[in-house]
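So the structure is just underneath, and the comments pick up after that.
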Amino acid sequence: MNNYFLRKENFFILFCFVFVSIFFVSNVTIIKCNNVENKIDNVGKKIENVGKKIGDMENKNDNVENKNDNVGNKNDNVKNASSDLYKYKLYGDIDEYAYYFLDIDIGKPSQRISLILDTGSSSLSFPCNGCKDCGIHMEKPYNLNYSKTSSILYCNKSNCPYGLKCVGNKCEYLQSYCEGSQIYGFYFSDIVTLPSYNNKNKISFEKLMGCHMHEESLFLHQQATGVLGFSLTKPNGVPTFVDLLFKHTPSLKPIYSICVSEHGGELIIGGYEPDYFLSNQKEKQKMDKSDNNSSNKGNVSIKLKNNDKNDDEENNSKDVIVSNNVEDIVWQAITRKYYYYIKIYGLDLYGTNIMDKKELDMLVDSGSTFTHIPENIYNQINYYLDILCIHDMTNIYEINKRLKLTNESLNKPLVYFEDFKTALKNIIQNENLCIKIVDGVQCWKSLENLPNLYITLSNNYKMIWKPSSYLYKKESFWCKGLEKQVNNKPILGLTFFKNKQVIFDLQQNQIAFIESKCPSNLTSSRPRTFNEYREKENIFLKVSYINLYCLWLLLALTILLSLILYVRKMFYMDYFPLSDQNKSPIQEST
């Protein structure tokens, strides 16, 4: 009975010991984790303070530079054209990012923000500190308290400017998009600075911007932090970025251009870059001997030939004359006041116009990933591309079926049917494999033998649209970058911008498209900044704190289990002696 009582008592003590040990070890773990987190936060604050000091030093240096520049400008009466341009690197692509973005500085001291370049909208906005419904982006939410020049646009019931609504004593920012998503928050003003990589002068001005307090859909998951709209100001509307930019820099021509490649590109403020024009680069290398005996100052016409070996050449044997003279840019009138709409009058495939309308208003929009066209035009293009899409080169039946096609058997006869058949034969011969991904989008292994499209603009000018542009690189394939229009809104998106210099002349209200070799900028080459978003890393192991806590708990349980086994062994030795020890002295004597 006594032995039983002793065992029960000791097991009760053991239970209490185990409970206290677990509680102690767990609290120690939490305290250590919190200490680590606090240390990392302190380091982050120190880095931010250093960033502020650097920003103040930059401001002082900028003032000195501006004074020196003013003195230099007074002495220099002649400027080079290149010095009048401000160039900004664009990052991103069509496949991974679905947009192109640039970095600008907001506030004093500055905080860098990555912004999607969007010619289809007018707002400049990004998430701010305190937003609970915002996604995780490249930079931390903008902190208004860090900037000496930030000012929230407060209101009292109905005294907001520009017809804005007053919500919660702040003027409401609200933006809706065609795919159904919304972002909203409040307006604030601050200094916007554009650091150019080719010009030491910085464009800087005050701008009313939107602070995101709620994000939805695509904005919630995008990597870039915000959006930079480049469209024009509506009557009585909030002044847009592009209008304020040229208003505060009257020395600049009200022209800007966008030049994007497969990866990255460039935004040019104040004009365009003729050195990027493809025709200029071809002239510098070597001109066709038969067509280019005259000097480069004359009109230059390039005959586009068969596309059997090079995707930069035409898809059929018929020569198509396209003017590529640098000094003879073909401009297209902007047909609407506040957005960049132009008229197109035809869309040719193998010499056949597949447009059933005389003209079509299309929005030139760098914020749209793909080019959106009317359903009937899309179906026509898709029909011919489907014939050229062969996913099984060993299927003799399907191949013979395509080879037996006649011009009369097609949905719409082609003017250059023989070139279409030649391209089909070459695709089969070269085994240019084609697969289909989501929504039946065709993807080819190579650009060879795929057709060029031609868009008819004003004055019957036909602009070439190459496969390297309307297709985009997806891993090792080239996929179609065309979609059916939504809400009856045709759009010339990034798959139209690619490999062209798109020039916006705001003074003359016109746009031009010039084939160009646009610069590439990989996102991996993008400079880092103190305010970029970083997941907190454990200083011991690069694992989450939950995993660290579990590791500590497992270690504690292992130690406790060892103690239990040791104590259990001691109990058995004390209260359950060996059989030889259980014999009494009397029994031994007998």
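Keep in mind that glycine also has a Cβ here, set from the backbone N, Cα and C atoms.
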In Swiss-Prot, CYS479 is paired in a disulfide bond with which of CYS443, CYS518?
CYS443
Cysteine paired with CYS518, where Swiss-Prot records a disulfide bond, from CYS211, CYS259, CYS389:
CYS259
Regarding the disulphide bond with CYS211, report which of CYS128, CYS131, CYS389 Swiss-Prot records as its partner.
CYS128
Which one, CYS134, CYS160, is listed by Swiss-Prot as the other cysteine in the disulfide with CYS171?
CYS160
Suppose we draw a 10 Å sphere around the Cβ of CYS211 (disulfide bond). How many other Cβ atoms does it contain, all chains included?
26
Distance check, please: Cα of CYS131 (disulfide bond) against Cα of CYS211 (disulfide bond), rounded to an integer number of angstrom.
9
Using the structure shown, find which entry in CYS160, CYS171, CYS259, CYS443 (the disulfide-bonded residues) has the sparsest Cβ neighbourhood within 10 Å.
CYS160
How many other Cβ atoms sit within 10 Å of the Cβ of CYS434 (disulfide bond)?
21
Cα proximity to CYS171 (disulfide bond), best match among disulfide-bonded residues CYS134, CYS259, CYS389, CYS434, CYS518:
CYS134
